[in-house]
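For 1-226, the entry in Swiss-Prot reads region 'Pyrophosphorylase'. The UDP-N-acetyl-alpha-D-glucosamine binding site annotation in Swiss-Prot covers 8-11, Lys22, Gln73, 78-79, 100-102, Gly137, Glu151, Asn166, Asn224, Arg330, Lys348, Tyr363, Asn374 and rests on sequence analysis. Positions annotated as Mg(2+) binding site by Swiss-Prot: Asp102, Asn224. Annotation source Swiss-Prot lists region 'Linker' at 227-247. Annotated region 'N-acetyltransferase' per Swiss-Prot: 248-453, in sequence order, evidence recorded as sequence analysis. Sequence annotations record features per position, and here Swiss-Prot assigns active site, proton acceptor to His360. Residues annotated as acetyl-CoA binding site in Swiss-Prot: Ala377, Asn383, Tyr384, Ser402, Ala420, Arg437.
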Amino acid sequence: MKFSAVILAAGKGTRMYSNMPKVLHTLAGKPMVKHVIDTCTGLGAQNIHLVYGHGGDQMQAALAEEPVNWVLQAEQLGTGHAVDQASPQFEDDEKILVLYGDVPLISSETIESLLDAQPKGGIALLTVVLDNPTGYGRIVRKNGPVVAIVEQKDANEEQKLIKEINTGVMVATGGDLKRWLAGLNNDNAQGEYYLTDVIAAAHDEGNAVEAVHPVSPIEVEGVNDRAQLARLERAFQAAQAKKLLEQGVMLRDPARFDLRGELQCGLDVEIDVNVIIEGNVSLGDNVVIGAGCVLKDCEIDDNTIVRPYSVIEGATVGEQCTVGPFTRLRPGAEMRNDSHVGNFVEVKNACIGEGSKANHLTYLGDAEIGQRTNIGAGTITCNYDGANKFKTIIGNDVFVGSDSQLVAPVTIADGATIGAGTTLTKDVAEGELVITRAKERKITGWQRPVKKK
């Protein structure tokens, strides 16, 4: 279906009390306006015209990679004026969909229904019925058809009783919309050019206006303050949690789970409370994620357990691994099958071989570790000299004792043993024992100093 979209995003967002443009505030980890852009892109919009005003530099920096045409509304003179700034780019025969950057949850299904419902030469309008319509423009009907929209400040007492309200979302043909926009005036209580006045213009020409309801009322709720943003965040997360539960993922408490990206799960996945998923995450069969974990852009294979309060970003974890608690896997970390990393272990740009373990208080950076190797508590790969990074290579079946410092670049061959407390600066041959611990001394009869009175 051939259509282009106009997204209105020029508002300042005064009630957000922020230096950031309102539409850049995030919902589920990405700016509100990006949710709208992504929905349009997914539906195949030919063009996406983004009307901006306040915080233009911030907007363009944050959305630099988005496929939008930037349209400046230098003065905020109303919604009609905003759409009119983009109208020179409208094709006469294309459908124009008007959306809002602070209404992030509108669904593809609702938009498709609206596009399908547009009558020839007329307007398809998205409306919703509210128990308390205060503050919204009212839908005025005459013997059934929609004939006008009256804003709250311009409504008379009878019109204020109407519960069907305008969401602002509409579809019209480009040539018709340009003509109606050209005829707008600002003779109203707010002194603005209302987009809603095109409804009356279409009716006066004898063109039909078709009202469509959204799949869910939450879709058309806008954000004017942080409380409303928090409400939409919880609504979005509840919907994501419901989908995962229906797909067989066991969320121990759906109300305490945040999905801020995409999650692919195998069978019998279990996710405990307060877990945050960001970016693209893949979990294999029988994976268990403990409470308080943060997973970002990572892949975790079958039968792996991630214990509580672990952070995994840009890493791959093999089958039957154990991670955590309190582990940090940074970008480039790779755990091969049946490997273990435990509490307060940090791994960055390092591969831990099959069956190897680093169970306590360890930093492994820029390292390659073979199979069945044990890394003792307190071991550090000293990979950075203040200017450059260097690699540590540890072979198969190596035992590294506690509190060892491995000063890269250094290689430890298969079967070697590094004694506890060693500072290693030279390569170790296969099967060697290396220890650099200072000689132990015992002093008999020694007494502790006594504080002077």
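Cβ coordinates come from backbone N, Cα and C, glycine included.
Location within the structure of each feature annotated in Swiss-Prot.
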| residue | record | contacts (Cβ under 8 Å, 6+ apart) |
| --- | --- | --- |
| Gly78 | UDP-N-acetyl-alpha-D-glucosamine binding site | Asn186, Gln190, Glu192, Tyr193, Tyr194, Leu195 |
| Gly101 | UDP-N-acetyl-alpha-D-glucosamine binding site | Ile7, Leu8, Ala9, Lys22, Val23, Met32, Val33, Val36, Leu50 |
| Asp102 | Mg(2+) binding site | Ala9, Gly11, Gly13, Lys22, Val23, Met32, Val33, Gly222, Val223, Asn224 |
| Glu151 | UDP-N-acetyl-alpha-D-glucosamine binding site | Gly137, Asn188, Ala189, Gln190, Tyr194, Thr196 |
| Arg330 | UDP-N-acetyl-alpha-D-glucosamine binding site | Glu313, Gly314, Ala315, Glu346, Val347, Lys348, Asn349 |
| Asn374 | UDP-N-acetyl-alpha-D-glucosamine binding site | Ser356, Lys357, Val398, Phe399, Val400 |
| Tyr384 | acetyl-CoA binding site | Gly365, Phe390 |
| Ser402 | acetyl-CoA binding site | Gly376, Ala377, Gly378, Thr379, Ala420, Gly421 |
| Arg437 | acetyl-CoA binding site | Gly419, Ala420, Gly421, Thr422 |
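Under DSSP, residues within the region 'Linker' (227-247) fall into helix, strand and coil as 20 helix, 0 strand, 1 coil.
The average pLDDT computed for the region 'N-acetyltransferase' (248-453) is 98.
Fewest other C-beta atoms within 10 Å: among the binding-site residues Asn224, Asn383, that description fits Asn224. Around the Cβ of Ala377 (acetyl-CoA binding site), 18 further Cβ atoms fall within 10 Å across all displayed protein chains. Sequence-distant neighbours of His360 (active site, proton acceptor): residues of the same chain at least 6 apart with a C-beta under 8 Å from its C-beta are Gly342, Asn343, Phe344, Val345, Gly376, Ala377, Gly378. Between the farthest pair of Cα atoms in the acetyl-CoA binding residues (Ala377, Asn383, Tyr384, Ser402, Ala420, Arg437), the distance is 23 Å.
Counting neighbouring Cβ atoms within 10 Å of each of the binding-site residues (Leu8, Ala420), the lowest count belongs to Ala420. Look at Gly78 (UDP-N-acetyl-alpha-D-glucosamine binding site): DSSP puts it in coil.
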